[in-house]
Each structure stands twice: as C-alpha cells, then as structure tokens.
C-alpha cells in the first residue's frame, strides 16, 4: 500500500478552500445573461467554448491532491444539481463557495463547526419552504418560453422552440430530444415515436461512444414475452436479419448467459449489428406495453401463451422503425412502421380503459402509455455556423429544456437571483439553539445573496448597489442584468424554475456543511518519477583532451 500524507485542521481546510475557489471562480463567470465564456482544451480537435457551468466543472482536475479534493466536492454540488433538475449548476456552485468561505472563516475564529452546520441546515430548510411559498404554476406557453429563454442565456429563439415542442407533444408526457442540425437555423421536427425506461443490456452494444448511446437506423425489432438464455432459439432470426443486412433490436423479458454473450460477440465482430433491452413494465403491464410497441412498429409479440415459438419466428413477425436510440437508461423508437389505423385503434382501447380504471396509479400509467403511442417525439435540431458554436448551443438548448421541464413540474419563482434574496429577507428573525448556530444561519442567508451579486458583477455593474435596491423593493421586484432595469421580474419574463433554485440551495448547503466540518484529509503521496541519476558516467570527463 502506498504511503499517505495526512493534513489536519487549519492546514487541511486551507488547501481544500483553495481548490473550492479555483473551481468556483472558473464556473461562476458563466452566470447570468452577460456571463462570459470558458474555453476548454480538448486532447483532439478544436477547443470547446461553453457557458454551461457543469461542463466547465467536469474539466477541472488539480495537481495538488488536497486542493483537488476541495474542487471535486464542489464539482459534486454542480453535478448533483444537474442530475436533480438539469440546470442550476452555476447557482449551486456560487452558493457552495459562499457558504464554505464564510463558514471556514467562522471555524478559524473558534466557532463550533457542528453548530455552524446545524445553523446552515436550519436556514436551508426554512428557505426551501419560502421558495415554495413564492412559487407560481408554470401553465401557459408564454411562461414556458420565458423559462427556456432565461436558461439558454437570454436566447429567445431557443425558449420559443422549446415552448412549441412542448405544445406539440404535451408538457408532461411528451418526449423531446436535442440533435445537431444540418442548417444554420434551429428546426423543430415532431416524429411519431415512443420512449420507455429501459437501457441497453450491455455497454458493448454502444456504437456512438462520444454520446454513450446505441443508434440503429431502420432496424428490425424482435418482441419476445419471455426470458432468453439459449442462443439456439435466436439463431433463425439472427440468420434472417444478417441476410437482410439490417440492424436488430431485441426487446425481451430478459436476455442472459450464453444468448447475451453471443449477441455481444456478433455485434463486436460486425457479423450482425444488434442490441438488446429489457421489456418495459412488469407482469400484465409488460405484456400490454409489448403489445403497444408491436402496434407501433408493425410487429408481432412472440409469446408462448398464443402458441408462437421464438425458434419459428420469421422476418414477417419482426417490427421495424426508422430509428432507435438507446441510452443506459432509456430507449426511444422513432417513426415505427405500424399502420395508423392500428395505432388509433389501440389509443381508443387505452382511452376506454382509462375511463374504467378506479385507481389513480392505474389511470396515470394508462395515460403514459397513451401519450407514448399518440404524442410522438419532438426533435429539436440545433443550427450553427461552426462545430464549436454547435456544441456550445446544444449545451444551452439541453439546459433550457431541462429547466422548462422543471418549471412545469414545480412552478416558477422570480429569476435573476431575486427569489433567494426574498427568501433570505423573510428569515432575518430565524434563530438557532446557540450563538454558533445563529452564525451558521447568517452564513447561509448571506450566501443566498451570492448568485445575484455574481450576475451583477458579470454584467459589469456594482453588486452592493443592486443588492440594496432589490432588498428595498418587495415581491417580484428585481434587477434585469441584460438591460440594467429594475422592475417586476415575472412581468419582464425573467423566471427560474422553483425546482432548479431549490435543488441548487439544498445541494450547496449539504455539501458545504460537510466541508466546514472537515478536520483531516488523507491523500496518497505522489511517486517521484524523475529519471535515475547517471552517476557512472563521471569517468568520461578526461575525453576533453581529445580536442
């Protein structure tokens, strides 16, 4: 086991704080409508220019092990916020940096770290309740477009196209994907399709490694209502598909052992392009969903219950689709070859079942199935002049899409950092059990001003002046950093999803609290890989006389 270096107390916290500040300072310049770009070097190809906080955070790795630990913990804040709400990574990073800096000052002054953490936790819980009270539902297309616009760094075109996509495929149940377009303009395509929450059974099926996805064009789709473990059952189908030179997607109850291993080997050798996923749902619901996919793709479910055997399956039993995209978590079938009359009949059948259903859960699941059959998939094609611009714009569209989904889910609050300032101003009378907890509460409340300060700083204005002006107002009154005006944020269309702001605050408070209570850090001592000493060559000095 390699030797370790251990740092304690102030030394450990100082190193950790350096790492926190390096990462946070690189991320926070992207915040707000006038946020700056960050250029990321890539080992091949042109550098990437981005205003996406989580993309910047992911690139940062520091040489000093202890500083790197601090940076990685803040990276965790950004990535947790991104996973929970799909946006708010920069806000979460700014909040965490402020809490850690102020908290560690208090620890250095002799306060109890555990009490500080309890105070911070208390303030965060109270602030989340205030944010929920401030929240208003996001129900109309205009509000959805405004949320998308703000999240895409004030790009109105992106906000509008996302609102259109949601209008066409449904706000709650519709599936929206983002792709690279072929033109300079953003385009919206609505394609008949279905998405379900089952990913590839083996990462060896991946054929688009940069995205980590499996993409199959014009595949055959084999639907099987049982577990497949014996490859012999699949051989006739595989041979028929190989002759047709088309890819194959297998959707079955499960695939294991020899069958899965053989498919992986065939795929890697290029004999037949194949991928496999588990069928969605469980029990009777799985049977129904397999039947939905069969109707959508024009295939037949191979089920022994109706006398069909897998070994006797023919190409006629297989469904087809224009495209299938499989990630580690879900599968999207685009433009299935099923007949419209069959799909409409199936939708009517599900509608009738919804009317008869007694439990809310059953109704919800049936509505999901109907949306997947009837709603289709909206594809936003991002247009740009160069590859660099394309990557940057695609990041922003994905952020904006996540933000609008979060807004539909939990509503919206006034944007531009105002909601956090309002929540903090309502909590000035909040007290803890002792003086150190009170200070922890103050640390959290002061941190809640940090996102607004950073937005104003990035816009080139004086943060303290703006903070005081916003605090003097009430309700939705705030500062529009894009135009330099003060007004009602919701009327100006500056909205943040409640879920994004709430998640950012909760994750920042949680991880920053852990950092404040750190008392020791352990890291491996780096090996010295310098070249060995060439001491034996010293005797060659006498060659000087040969001149």
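Glycine residues also receive a Cβ, built from the backbone N, Cα and C atoms like all the rest.
As given in Swiss-Prot:
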- 30-33, 51, 87-91, 416, 480-482, 496: ATP binding site (BINDING)
Just to be sure I understand the packing, how many Cβ atoms besides its own are within 10 Å of the Cβ of residue 416 (ATP binding site)? 26
For residue 496 (ATP binding site), what residues in its own chain, 6 or more apart in sequence, show a Cβ-Cβ distance under 8 Å? 88, 147, 150, 403, 412, 413, 414, 415, 416, 419
Lowest 10 Å Cβ neighbour count of the binding-site residues 30, 90 is held by 30
Residue 90 (ATP binding site) in three-state DSSP notation: helix
Which of these binding-site residues has the least crowded Cβ, counting other Cβ atoms within 10 Å: 32, 51, 88? 51
Close in space, distant in sequence - residue 481 (ATP binding site), Cβ under 8 Å, 6 or more apart: 32, 33, 34, 416, 455, 456, 458, 459, 461
DSSP output for residue 496 (ATP binding site) maps to strand
